[in-house]
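Participant: Grabbed the feature section from Swiss-Prot, which reads as follows:
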type	residues	note
TOPO_DOM	1-6	topological domain 'Cytoplasmic'
TRANSMEM	7-26	transmembrane segment
TOPO_DOM	27-630	topological domain 'Lumenal'
DISULFID	C157-C386	disulfide bond
REGION	166-277	region 'Catalytic subdomain A'
BINDING	D207, R238, S262, W363	substrate binding site
BINDING	D261, H263, H391	Mn(2+) binding site
REGION	333-394	region 'Catalytic subdomain B'
DISULFID	C377-C456	disulfide bond
DOMAIN	483-618	domain 'Ricin B-type lectin'
DISULFID	C496-C513	disulfide bond
DISULFID	C543-C559	disulfide bond
DISULFID	C586-C606	disulfide bond
Amino acid sequence: MNVDLRLIVRLLLAILLTSLVTTILMGKQIHRRLVKSMVKTTGEKDSLPARQLPKREISPKVADFPPPLTLNQTELDILKIQRNNSFRLPQQEAIKEWQDAIFFKEDSNRRGLGEQGRAVQLPNAKLNPDDFQDFYAELSDRIPLNRSLPDTRPISCRKRKYLENLPNVTVIIAFHDEHLSVLLRSITSIINRSPVELLKQIVLVDDDSNLPELGQQLEEIVAQNFPKIIHILRLPERRGSIKARMEAIRVSSCQVLVFLDSHIEVNTNWLPPLLEPIVINPHIVTRPILDAISRKTFAYAKQNTMTRSGFNWWLESESLPIFPEDKSPDSTPYRTPVLSGAMAIDRNYFLNLGGFDEQLDTWEAEKFEISFKVWMCGGMMLYVPCARVGHIGKRPMKSISSPGYHNFLARNYKRVAEVWMDNYKKYVYDKNPKLYKMANAGLLFQRKTKRNALECKTFDWYMTKVAPDFLKRYLALDSPLVFSGVIESVAFPGFCVDSLNCRHTKPVVLARCTGHNSMPGEHQNWSLTQDHEIQLTNSKDDCLEAQGLRSKSVWLFRCHKNGGNQYWYYNHRHRWIQQGQIWVWCLEAQLASGHKVGKVLANKICDKNQLEQQWKVGRNAPYDPQREPH
């Protein structure tokens, strides 16, 4: 009898367990059916019914896991500039599979218009060249808001697990006149592909949009579908993305802030890889790899090349190869001197740094300000290959009005340079002296005081420790091989090498020097870089090039960084500008008596008695015989 009773009890327990598992699975299936119920739109801006969007509940976070393996500040300071050994974050033990296997499987089986990130073309679709959005809005309206995407992560990411106890997140999206279906697709992808335990809040900041559908219609969609997770913040006047994001931070409530654009689609399991490094040390800032979404076809394309983000002295973004010690495996986060676009950062650390500089106007320079600030003030920035976010690529923006200043880029760049770049700021100003002289950077006392209070490192530390290859690629400070400024003839005082603004069409000439040492004339301002190129300082890619054999003229051509006829060396002892790597040819001035314009010739055999081959160069490299070894 006792045996029969035990069997009955076991059967009852088995039935209860089976019922519990079935309930959980059915709950997930119900949620997925809500997602599947989303239908394609008809192409009209007002035909985006709220029922297309899945409802999402926020589950309370309950966890009591073993502590993660972390880095203290001293360990982080050592790791972030490490060069001799492979760069690795601590390998964690208490790990969890965060990827939703059921959703991933269903997503991979979907077919239809735009599904799997495939290109879509409408026969009669046209792009208005004056369209603010600069993409096919009609096409976006046809593609499902919750469309499936290809898994573009490296293979090694697909089996990777992450810490069980990760912080919750506020996603911040600032927008101005974003097309409604594009904005809703951004939101839908975030909600569908983020663990409910982690995604607590999305703050949408409307930066004074004019499109009517972004008003009441957006409010109704959010109220009906996401009342507990999405908060819409309306700004009464246009303030720019920098100030808009800071307004969102003030209403955020989570431990980690994630900044995203309003025209994105997040990919599979994108969030946990961004959060784990922040748990290891809250001074680590992370960014996903940005895949490309075509503005014409909405095709989703993988970004294959792993690069770091950098800048030139125009403060334009540059892509640079990653350090050799950061290269493998391809699922490992790696260091980058600059982060742009999307970003995940610990809220307390961000606010302790002073947040974004709200005196930066509209957009753009904040990526440099936050990057310099993080690296120089105790933090580290990482790209995370296992986190992928698709981004609609738009053409370079046309000139737009600024809510606060008529030339906001010059103001922004000067403000960042004055606060963070120390002596290196002159290389930014050298690119356009007149512009930066007129630019008003605003009041800087508070930002400089904050930097001093944080005991941040110098910009020279940043250039030599964080981005040492910048000094090889671009103009270096106080290098014996480098000059910046005029190239004045010793034989013909007051005459300088002049491009005459005839790029690629005529040779450079010897002409009367214009300007003065502290501000050379626009067409007489030259820089000898550590690539041994003599660049026209006010142009980012025009270099002096010797033409043909001996006694030939010198022209201005596009810089190619391959040496050869664009390779120059300044010999301080003899004041020669030598051409080529055998150092037997010299630049020579020729000026006939009574003439106002002379010739600049290359490939003349160097002769120390030939005064026409001697040049006074720049304002950073005065003649000093002790600096010349031969």
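Here the Cβ of each residue, glycine as well, is placed from N, Cα and C on the backbone.
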Participant: C543 (disulfide bond) to W363 (substrate binding site): how many Å between their Cα atoms?
Facilitator: 31
Participant: Roughly how many Å separate the Cα of H391 (Mn(2+) binding site) from that of S262 (substrate binding site), to the nearest whole number?
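Facilitator: H391 (Mn(2+) binding site) and S262 (substrate binding site) have their Cα atoms 9 Å apart.
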Participant: Consider the recorded positions R238, C496, C606 and say which one has the Cα lying nearest the Cα of C456 (disulfide bond).
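Facilitator: So, of the listed recorded positions, the one sitting closest to C456 (disulfide bond) is R238.
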Participant: Give the residue from the disulfide-bonded residues C377, C559, C586, C606 that has the most other Cβ atoms within 10 Å of its Cβ, counting over every protein chain displayed.
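Facilitator: By the 10 Å Cβ neighbour count, C586 comes out on top.
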Participant: Whose Cβ lies within 8 Å of the mean position of the Cβ atoms of D207, R238, S262, W363, the substrate site, other than those residues?
Facilitator: A174, F175, H176, V205, R239, G240, S241, A244, T362
Participant: As a test of reading the model: what is the averaged pLDDT for the domain 'Ricin B-type lectin' (483-618)?
Facilitator: 85
Participant: Out of C386, C496, C586, which of these disulfide-bonded residues is nearest W363 (substrate binding site) by C-alpha distance?
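Facilitator: Nearest by Cα distance to W363 (substrate binding site): C386.
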Participant: For H391 (Mn(2+) binding site), just count the other CB atoms lying within 10 A of its CB, please.
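Facilitator: There are 19 of them.
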Participant: If you measure every Cα to Cα pair among D207, R238, S262, W363, the residues listed for substrate, what is the largest value in Å?
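Facilitator: Largest Cα to Cα distance for the substrate-binding set is 16 Å.
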Participant: Fill in the CA-CA distance, C606 (disulfide bond) to C386 (disulfide bond), as an integer in Å.
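Facilitator: Distance (Cα to Cα, whole Å): 56 Å.
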